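Accompanying notes for the structure given below.
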Amino acid sequence: MSVLLLAEVAGGALALDATAKSASAASALGPVTALVCGPAEAAATAAGIAGIDKVLHCADDSVANGLAENLSALILQLAGGVTHIVAPATNSGKNVLPRVAALLDAMVITDVTKVLDANTFKRPIYAGNAIQTVQSQDAVKVLSIRTAAFEAAATGNAAPVETVTLSDAPALSAHLEDMVVKSDRPELSSAKVVVSGGRGVGSEADFALISGLADKLGAAVGASRAAVDSGFAANDLQVGQTGKVVAPDLYVAVGISGAIQHLAGMKDSKVIVAINKDEDAPIFQVADYGLVADLFDAVPELTGTL
Amino acid sequence: MKVLVPVKRVIDYNVKVRVKADGSGVDLANVKMSMNPFDEISVEAAIRMKEAGVASEVVVVSIGDAKSMETLRTALAMGADRGIMIEAPEATEIEPLAVAKILKAVVDEEQPQLVIAGKQAIDNDMNATGQMLAALLGWGQATFASALEIADGKAQVTREVDGGLQKIEVALPAIVTTDLRLNEPRYASLPNIMKAKKKPVAEKTAADYGVDTTPRLKVVATEEPAGREAGIKVGSVGELVEKLKERALV
Ligand SMILES: Cc1cc2nc3c(=O)[nH]c(=O)nc-3n(C[C@H](O)[C@H](O)[C@H](O)COP(=O)(O)OP(=O)(O)OC[C@H]3O[C@@H](n4cnc5c(N)ncnc54)[C@H](O)[C@@H]3O)c2cc1C
């Protein structure tokens, strides 16, 4: 058995948390070769992750932006003899892995939360309201890892790095532009503390209450779909079934009702705090500490007290 | 330009799903079913292209049990021109790979320039069919679209990615999968629901396309997720801070 792991590269650097968590899932399946598409520093960082036996580094422009057609061609080029192809279940992993699976005539297994053996995996369905155990009969198993469900592998390793290039890029698509907001806050998926705001926050201007509390706590900022749809927060901050899945030590939900789709993204947090003026809001059913209050009173007071 | 939109009948997003006591699956008896919300967004995108004169025909296709016809009629009532109903085992049991293979056969027959699919179905949450179809056709793909424009034989697509947004260009024919921010789907009006009943729907079976729909993944068990212990209500911000300090969280 052997595993090809697609490392996560974001903004020109290795996304260490997502890659190290996927590496710990992957290393249970056999020796791991990590593919890093990006700058040499990203490959060097990946080589430091425990459980990664070898790094393949591709610096080609054709795969630098994660274009699925080119990236899946590269993965296929390198996948000879591997039994498992693994990537974190990020948007970039979800973009490319099903394409790879179909090219191998395999059924992709997305959002794996547990590896039981080489063929058997757990994954959530129906917004996490059921957990399915599935067994794959495909020759090559293609899986995306729900990183929030795994511990990060340690660092301090020194795996060898080899250079690879994509021999034949399909060139069906072209990258035009990234519109990425740089932030000094911790990254949402890997943060120890997350403060999320919902429709109750009321406006983009008042969303500063959420970011103010987050900054006081050294936390990442999250949002409900309603807050994103209303333009209070950026799309990549959406937590939930169809957004990001987080499991921080502390999750603070402010002005969020607790719809199934939101809970799907945060109910595995260690401690949940909810601030909502409606005492019957479903969010209180999953909250360790619930505060029934107007957020416009409670949040400034909380930020001031901390 | 012809646009093809696959639509899936799924449990309504407002329904809380229960796992069957014997662990054999989830209980779908007597629950409300609807069109997968992302597919509504896809249908809306296609209809808007037709209204803007970019698309000439919108064909919707549903693969599932006989009741998927309702879903197809909903898409027709929203404004799609014609439907293809492909009967197959229960929609939730048929896997994205098999669906993609059937859709490939449909694409070979219909020759659309664009397929617009939802990014994920809210039942199995796989997020795979569009990408798999693109692979089987050898077409370009633009997933998680929050904006879509067609010009000069290309689709310019703004994608929702991990750190924000990304704009890419895909040569047509191509597959686009839709994200939540692409549009707000319309409701079908009563007159349009009546009209939709007369729109043409071709009835087929998966076997007509020679696709083996046997699942590749064997479901060994379906279980409830671990529940959370009920927490407490605190009376004030001060009490909340105290509790969080006790647990060394602040
Ligand atoms: C296909 C699909 C996918 C979806 N995916 C997601 C997803 O990934 N993530 C997600 O979050 N949602 C998702 N949703 C949406 C979800 O169903 C809910 O609509 C959404 O989560 C509601 O957001 P909210 O809690 O912010 O808003 P609301 O439900 O409107 O709740 C607002 C809350 O704020 C409280 N409030 C108002 N004013 C105050 C105040 N002054 N002080 C204190 N509290 C106040 C109210 O009591 C209420 O509980 C999805 C829906 C669909 C159909």
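Cβ coordinates are placed from backbone N, Cα and C, and glycine is handled just like the others.
Annotation comment: TrEMBL describes A:Arg199, A:224-225, A:238-242, A:255-262, A:Asn276 as FAD binding site. Around the Cβ of A:Arg199 (FAD binding site), 16 further Cβ atoms fall within 10 Å across all displayed protein chains.
Look at TrEMBL and you will find A:3-183 tagged as domain 'Electron transfer flavoprotein alpha/beta-subunit N-terminal'.
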Least buried by Cβ count (within 10 Å) of the binding-site residues A:Ile256, A:Ala259: A:Ala259
CB contacts for A:His262 (FAD binding site) [other CB atoms within 10 A, all chains]: 28
Tertiary neighbours of A:Gln241 (FAD binding site) (same chain, Cβ under 8 Å, six or more apart): A:Ala127, A:Gly128, A:Ile260, A:Gln261, A:His262, A:Ala264, A:Gly265
Neighbour tally for A:Gln238 (FAD binding site), based on other Cβ positions within 10 Å of its Cβ: 28
Three-state secondary structure, A:Gln238 (FAD binding site) (per DSSP): strand
